[in-house]
């Protein structure tokens, strides 16, 4: 009987050890998978960031006398957004495991706000062109820039207020409101692209003179409007759904596939496409299309 009991004990011990080894192996495999996804995101953002920087250098070399044009500022902001994202996802382990959760939210949401500012700069540029080309319009371009800066200032002020409150008191309701606020910001961008992208597209389509340049600008505005409208609408819907469904939250390491699809479809691929579409360098002579930012 003693021999049989020893055999049973040894078998149970071996079984427990096997379960422990399998559990450890599964955990290690999951961690490696998460690392692979976030390093892929980091590399993708770094590639887009480098592309934006190279294009900025090319533009500056082409027209150094123009100062900071809208085109230059757009590429600079693209470089910054993608560089920050690349760094954040490169150090994803430290970012997602902050003891104070608000620091994770800041590092993940701040580049998203910069992304909003970068691409609504296109909306501002198109609005300026539309009102300059439309003789019946009475809106001054300086007022458009003031409106752009004011809207962005209010958005950043509200978001900073939410972060400060969460730093002082980690409140679920405020965190929920913060996620809804990010969704609302994305929806504002959707409205901007529909309103001014659509207006400029129709203005170009009604332009009486048929030319290669007109057709090219028509395609450019149409494609960029479609891409940006889609990506901001998806951002709005995903952020709104994830605010109420913890299984779809983006602020944890346990959802790498969700993060991969979300950031690829709403930032990396749209930014790469827009940079490709807007890759044309400005003419060396002074053109009414490129104005120094005052």
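The backbone N, Cα and C atoms fix where each Cβ goes, and this holds for glycine too.
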Quiz item: Which stretch does TrEMBL mark as transmembrane segment, out of 7-30, 103-126?
Solution: 103-126
Practice problem: Please check if the transmembrane segment (180-201) comes into contact with the transmembrane segment (76-97), where contact means 3 or more CB pairs closer than 8 Å and the residues in each pair are separated by 6 or more positions. | Solution: no
Quiz item: With pairs closer than 6 in sequence left out, are the transmembrane segment (36-56) and the transmembrane segment (103-126) joined by 3 or more CB pairs under 8 Å?
Solution: no
